[in-house]
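Trainee: This is the structure I want to talk about, given as structure tokens.
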Amino acid sequence: MNRSLIGILWIALVAVWFGTLDQRALVRPDEGRYAEIPREMAASGDWVTPRLNEFKYFEKPALQYWATATGYKLFGESEWTARLWPALTGFLSVLLAWWTGRRLWGPLAGHLAAAILASSLLFVVLGHLITLDMGLSFFLQLAWTAFLFAQNDERSISRRWMLLAWGAVALAVLSKGLVALVLVGAALLGYTLLNRDLSPWKRLSPLSGLALFLLIAAPWFVAVSLANPEFPQFFFIHEHFERFLSTVHRRDEPGWYFLAVYALGALPWSLLLVHTLLKSWSGGTAGRFSADRFLLVWIATTFAFFSISSSKMAPYILPVFPALALLGGRHMARLSRRAWLIHLALLATLAVVALAVTPRVLRLAGDSYSLEMLQGVRSWLTGAAVVSLASFVTAMFLVWRQRNGAAVAILAIGGLLSTSAGLLGHDHLAPYSSTRGLAAQALPRLKPDVPFYSVDYYEQTLPFYIKRTLTMVQTQNELSFGIEQEPHKWIRTIDEFVLRWRHDREAFAIMTHDVFERLAAASLPMREIARNRRYVIVEKPAAALPPGTTTEG
């Protein structure tokens, strides 16, 4: 492939990957949550105890919070900066897949692996949404990449790679917790049993590796536990063992759930990658180390672990995608014309169906979504379907001409552009899914030292946009643990809120339309200052001050 063309494609990838980060409003709940925790961390100067809306929040470790808070300090608080960490780690994951493929199997494998990864639907989406999954996936990828290159007969080289693997696992633990250790251990054990190969155990460098792991991962866990004695039980027991063994988080799905997530999330490569997986096991020999077989076991054990878990969410299987892309890069260009054409014909059929049903999104118009919002969504989805169909048809032509590598490039471009279009289309739903517009309406009226109540619901995106926390009323949302630790920061009932509101000299509140109508019917003095499809923000009118008070001094 022409080097100049490859350079142009990389530049285009950077532009699309990072250039759209601030083109969408933050959406509830994850983006609001993971943008706000670092904002409060940067504002308070407390880099040990994560807080959400001023309550202790111990669900996850602090690495991504530190990275994003540092970004806020360097570049300011914005949607672009809030999304920078998942976007950056996602892009680094693509680069690492390219480099690894080149080192293991040659330039073509590297180029194809990068193209596959950078265009897989779930990977693109999670590279542009604020969750913790991309950081976890990248550091796990770095760990198993270093592990692959540690399988070297030169002891000093092997040891350096293995220490990098240990360090990467530590960063993965700091990204999302003990699940990183479970996935790594399951893959190593599974590979050993299935391939009857004990050689990797001889190169683990356990003493120096464990020392490095603890040096990186342990300090924060020790510090946060000393500052908050309640942390260990909640983090290690509730957030790990109870999450895995029970439906405490109400995320139970059927056992086949992640197969469906894969089928959709791996588009436009889903069936082709299955073909490459079937070829991967035959590429190795029992008793000898095989990168193909290890990657296949990594995919299988990760799928199995999350499938048997009682808590299932689509982003959980993101760590399999870099391994899938590498195996795809190794084998995809050599797949048969028949396999390619069947896959592309199915994709083209899917695109035609999408074009046919996209206009039906207008039927969703109602209280939540206006016709205008859905027309915007329809336009972007139609564009995404057209781009996809064009890429599928072009790829068919290239495959027929036996130019499979070029077909991969065309599919990758179509996949990245169509998924990006879908994300931009979703932003038309922001009047319902976000409070960016609502906050913009209210900000000219808000005052920093005046109470601001969140009545019977906690909207995750609002604190980030108004740069302050809220006093929660009645609802606990996901903050029940934090409220239990500091109950004085919470108002137990709406009746208690009404008493406070009547006593306050000035006050603001956000509430859903239903709550607003109920309180208005009860003659609570309040004036609407902002509204979107879901919420109303009100202020207390000056004329409603308690007897004997004034607005001066």
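Quick reminder: no glycine exception, Cβ is built from N, Cα and C everywhere.
Sharing the record's features from TrEMBL:
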DOMAIN    25-231  domain 'ArnT-like N-terminal'
TRANSMEM  82-100  transmembrane segment
TRANSMEM  112-144  transmembrane segment
TRANSMEM  164-194  transmembrane segment
TRANSMEM  206-227  transmembrane segment
TRANSMEM  256-278  transmembrane segment
TRANSMEM  340-359  transmembrane segment
TRANSMEM  379-399  transmembrane segment
TRANSMEM  406-425  transmembrane segment
DOMAIN    439-540  domain 'Aminoarabinose transferase C-terminal'
Trainee: Going through 82-100, 112-144, 206-227 one by one, which has the most CB pairs that fall under 8 Å from the transmembrane segment (406-425)?
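Mentor: The stretch with the most close Cβ contacts to the transmembrane segment (406-425) is 112-144.
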Trainee: Which of 112-144, 164-194, 206-227, 256-278, 379-399 shares the most C-beta pairs under 8 angstroms with the transmembrane segment (340-359)?
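Mentor: Going through each listed stretch, the top one turns out to be 379-399.
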Trainee: Over the domain 'ArnT-like N-terminal' (25-231), what is the model's average pLDDT?
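Mentor: Per the prediction, mean pLDDT sits at 96 for the domain 'ArnT-like N-terminal' (25-231).
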Trainee: Within the same chain, where does the transmembrane segment (379-399) have neighbours whose Cβ lies under 8 angstroms from its own Cβ atoms, ignoring anything closer than 6 residues to its ends? I mean 6 or more beyond.
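Mentor: Same-chain contacts beyond the ends: 268, 337, 340-341, 344-345, 347-348, 351-352, 354-355, 358, 361, 406-407, 410-411, 413-415, 417-419, 421-422, 424-426, 428.
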